[in-house]
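Just below is one structure, and these are the notes that go with it.
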Amino acid sequence: MNGASPIQKSRYPIHYSPSSLENEGFIGKPHKMDVETRSPKFKVELKSISWLWEISLRVGLGLLIFYFSEVREPFQRWVEVNDWPNYNYPHKDSSTIPYSNVVLFAVFGPTILVSLVSLFNLCRTDKAERRWRKKYPRNSNPEQSNWVSRIFVEYLIALLAASMAYILVQLITDIIKTEYGGLRPDFLSRCFSTDTGEGDWLTLPGSKRNNSFDAALIKKNMPYIETVPPLVSSSDGCSNSGEGFDELIDKGGRKSFPSGHTSTAFSASTFCALYSFYWLRRWGSSLQLSFGEKIVPSPGASVGAAFLFCWFLPGIYVAVSRTQDYRHHPRDVIVGAVIGIFITTVVFCQYYSFRPNKLRKTYPIDIDSRHISSSNL
């Protein structure tokens, strides 16, 4: 085939679709070959059995989350008398960042990011296809311009990856919360004090402290912190009892470790960070710095690193706010962050490949190698 075009010489023909399954390493081989154009045709098959398994798996995990978060009672952990000061911080009625805001960030953060990536990929792909048709008009494939399929595939993979990551993070967090039964920093405030009228609750006085504030608390018949028994609940030992306090004290007050707000926020931050870093590595930069035989892309590497860490700022802010509200100890938010980062990273790597995008020597084509996906096969 001396007169054949470069695409006919290659083992796997070139496919210009940065947002397709093949280009992202989600499938190993083209679905089938187009006889006329000798180009790969990729097909997204939504098989009923596959989707039934995907949906059933997520529903089953969701039921486990409901059981551990709403049905199962948390472990009743004893506390030494000398440790009670660690749980004697004022309770606040409202959180700085409600959990609903964290969920909105987890949903709309990746959605907006995937939309921007899909739009940018369409512009790059259309430009590459025009250059390809101009150079090889007989090998043009109109099906490669199916932008609807490309966007659909991009959202599909992101939905599968993000949903599985969020569900696993929430499940692991709720299991540890319930089985460990860690007390929140404001547990005694929930148990013995009442609202001051400004959204903050009082704390217990100490017998070794002598000040006007503690004297006022003693007049309110609040016990000394040294006299609190090792195990208290809304039905045994707490002065606050009745409707509403069972949830506030026995369930909510004993689910401090780890932080659910933090694990969810860091899960969303990690997904967005890895997704940005993943695409910035593929897009690269048109500017390259040469140091001898080594070529360093710049500023693409800097932009990728910046996006990778800047995405964690929302998660860090959520974690810090949980300690400011005295909802969690520092260890709670640290472990919550580790859970969110680790699980999301593992799940992300199951759906996206970070293999280097190197060009085979069999492609003597004047088109940026970052567009060529089948060279990874």
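Backbone N, Cα and C atoms are what each Cβ position is placed from, and that goes for glycine too.
Listed in TrEMBL for this protein:
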- 51-69: transmembrane segment (TRANSMEM)
- 102-123: transmembrane segment (TRANSMEM)
- 152-173: transmembrane segment (TRANSMEM)
- 155-348: domain 'Phosphatidic acid phosphatase type 2/haloperoxidase' (DOMAIN)
- 301-321: transmembrane segment (TRANSMEM)
- 333-354: transmembrane segment (TRANSMEM)
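Contact counts against the transmembrane segment (51-69), taken as Cβ pairs under 8 Å, peak for 152-173 among the stretches 102-123, 152-173, 301-321, 333-354. Sequence-distant contacts of the transmembrane segment (301-321), counting only residues of its own chain at least 6 positions beyond either end whose CB sits under 8 Å from a CB of the stretch, comprise 95-97, 102, 105, 109, 259, 261-262, 265-266, 268-270, 272-274, 276-277, 280-281, 285, 333-334, 336-337, 340. Outside the transmembrane segment (152-173) by six or more residues, the chain places 19-21, 24, 26, 44, 54, 58, 61-62, 64-65, 68, 106, 110, 114, 117-118, 121, 258-260, 263-264, 267-268, 270-271, 275, 336, 339-340, 343-344, 347-348, 350-352 with a CB less than 8 A from a CB of the stretch. Here the domain 'Phosphatidic acid phosphatase type 2/haloperoxidase' (155-348) returns a mean pLDDT of 79 for the predicted model.
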